[in-house]
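The active site, proton donor feature in TrEMBL is assigned to B:His37. If you look up TrEMBL, you'll see B:30-37, B:147-150, B:Val176, B:184-187 marked as ATP binding site. Taken from TrEMBL, the feature beta-alanine binding site applies to B:Gln61. As annotated by TrEMBL, (R)-pantoate binding site applies to B:Gln61, B:Gln153.
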2 protein chains.
Amino acid sequence: MKKLETIEQLKKSIIELKHENKSIGFVPTMGFLHEGHLSLIKKARENHDIVVLSIFVNPLQFGPNEDFERYPRDIHRDEQLALESGVDVLFAPTLKEMYPHSPSIKMKAISRVDVLCGKKREGHFDGVVTVLTKLFHLVQPDAAYFGQKDAQQVAVVEALVKDLNFPLQIISVPTVREENGLAKSSRNVYLTNSEKQEAPQLYRSLQYGVQAIENGERDPFAIVQMISTYLNEHTSGEVDYIEVYSYPSLEAVNVLQGNIIIAIAVQFQSARLIDNIIIEI
Amino acid sequence: MKKLETIEQLKKSIIELKHENKSIGFVPTMGFLHEGHLSLIKKARENHDIVVLSIFVNPLQFGPNEDFERYPRDIHRDEQLALESGVDVLFAPTLKEMYPHSPSIKMKAISRVDVLCGKKREGHFDGVVTVLTKLFHLVQPDAAYFGQKDAQQVAVVEALVKDLNFPLQIISVPTVREENGLAKSSRNVYLTNSEKQEAPQLYRSLQYGVQAIENGERDPFAIVQMISTYLNEHTSGEVDYIEVYSYPSLEAVNVLQGNIIIAIAVQFQSARLIDNIIIEI
């Protein structure tokens with residue numbers, strides 16, 4: 001595995017790989033790798049000659065009151081995991097390397113962003129599309145891999161690629177969960193012991209909603225109500241949102257049909273957890 | 001020469017060319033080709049295996065009161081000229097092909113834009129960077145060619161490519177002029193006969209400014225004054241701007257040194273002409 005820290009080094013590698021007509025799978029991450037990331041790497045490993053993993057905690061996608069500074073980092077462990085999971089190129093640039101000067105171009109995500117996590121995280125997806133545009137240009141992958149756990153991110157990135165005709169595919173990979181159902185997340189480390197006991201209830205509340213739909217419920221509001229009651233009864237966390245939309249357009253619907261996402265966010269003491277489920281009705 | 005009108009056709013061609021490791025030179029235009037464009041094609045022809053020319057009158061870069069509707073078009077003549085000048089792939093998409101739905105992502109050029117033509121053409125360069133981002137992704141060129149006549153465009157596109165790490169080079173080609181000095185432009189067809197007589201004075205006024213600098217003048221304001229007087233005496237057009245900046249940063253300077261652009265715009269009855277000169281002091 002090559003570990004590269006500068007854009008110059010990466011460019012050289014990519015030019016060589018392109019010249020040899022290697023197919024490149026790309027997994028962009030903010031590091032602190034967990035099994036969710038590893039499942040993306042595994043999928044990319046299956047589909048491509050070369051797997052490029054990037055690790056970059058992107059300040060642009062954090063709000064002023066968010067956890068950029070304390071976002072968990074462990075590059076040595078990440079490096080080991082990347083090596084073990086068959087990554088060919090690990091790109092871990094510095095902040096200065098990615099943003100050497102104030103920007104000349106601003107990118108703004110204007111659809112699929114005013115719902116779910118985007119509603120409270122103003123500018124978050126602007127930061128996501130900006131850093132991904134840069135990384136896509138640097139890595140020139142055939143496909144980029146994202147976890148379905150960040151379903152809104154997948155939807156926004158799909159719109160980015162389609163809108164601006166990026167020559168690559170977006171592949172979303174199912175959420176990896178603990179045995180108890182808790183979605184893997186770098187932010188799970190923030191949970192207190194008692195919160196760790198409750199956190200699996202997020203996924204159970206989603207399954208509870210799906211079961212109601214399978215039993216014939218077609219009113220999105222009823223689903224929201226059921227999940228809300230369930231979460232309030234089963235967790236100490238504060239429900240941030242429970243939303244039901246068409247997917248991937250993330251538009252409100254009156255009647256549940258087609259591809260539907262149920263997505264939730266719960267604020268615990270030191271961690272805000274999200275989860276979602278997508279079903280075809 | 002292949003003439004392609006759909007993105008699907010273009011994608012297929014580009015994948016093949018990339019697979020064969022062909023070097024691609026790209027000349028993006030709005031059509032109504034003149035010798036300026038042909039000089040870009042010629043330069044690309046010298047440097048690459050394959051030359052791709054695009055013809056697309058991009059509505060995003062026209063303001064509401066600008067000449068999008070009446071912008072001159074002649075695709076048959078363009079096709080002939082492209083063929084004769086050795087273009088391999090002519091990409092001439094429809095509006096629907098380039099903008100099939102309302103955008104999900106907005107791009108905004110925020111530096112180098114509030115001067116020269118950008119000052120009065122609000123949003124113009126946002127439209128330029130958006131369409132170029134799409135075209136760069138579709139064509140995946142090794143280099144893209146632009147005329148130095150649109151010096152601000154060159155500066156903004158250089159910033160775009162650098163800021164977002166596009167994997168391509170921007171090459172600017174000197175302005176092609178009539179024998180009398182008038183810069184070639186698609187908009188020259190709008191000139192009345194008497195305006196045609198006066199139009200060469202634009203370039204002469206720039207040369208007059210350069211001469212003063214060569215004679216030792218280092219005050220940008222003095223240069224502006226001289227050119228202003230010259231233009232008012234020699235043309236019936238209304239001077240829109242005369243500006244002197246560092247290049248390519250397009251920043252105001254107190255003393256002329258380094259790379260300097262002198263740029264002017266003159267509004268005639270039905271055409272607004274621009275010209276510029278870049279000198280190293």
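Note: Cβ is positioned from N, Cα and C throughout, glycine not excepted.
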Rounded inter-Cα distance in Å - B:Gln148 (ATP binding site), B:His37 (active site, proton donor):
11
Secondary-structure category, per DSSP, in which B:Leu33 (ATP binding site) falls:
coil
Under a criterion of Cβ-Cβ distance under 8 Å and sequence separation of at least 6, what residues of the same chain contact B:Ser186 (ATP binding site)?
B:Met30, B:Gly31, B:Phe32, B:His34, B:Tyr71, B:Pro72
Taking the Cα atoms as reference points, how far is B:Leu33 (ATP binding site) from B:Gln153 ((R)-pantoate binding site) in Å?
18
In sequence order, what residues of the same chain, 6+ apart, have a Cβ less than 8 Å from the Cβ of B:Gln153 ((R)-pantoate binding site)?
B:Phe125, B:Val128, B:Phe146
Cβ neighbours within 10 Å, counted over all protein chains: which one of the binding-site residues B:Met30, B:Leu33, B:Val176 has the most?
B:Leu33
Restricting to the same chain and to sequence separations of six or more, state which residues have a Cβ under 8 Å from that of B:Gln61 (beta-alanine binding site).
B:His124, B:Phe125, B:Asp126, B:Gly127, B:Val128, B:Val131
Highest CB neighbour count within 10 A among the recorded positions B:Gly36, B:His37, B:Gln148?
B:His37
Quick one: pull the CA-CA distance for the residue listed as 'active site, proton donor' versus B:Val176 (ATP binding site), whole Å only.
9
Indicate whether the residue listed as 'beta-alanine binding site' is helix, strand or coil by DSSP.
helix
What three-state class does DSSP give B:Gln153 ((R)-pantoate binding site)?
helix
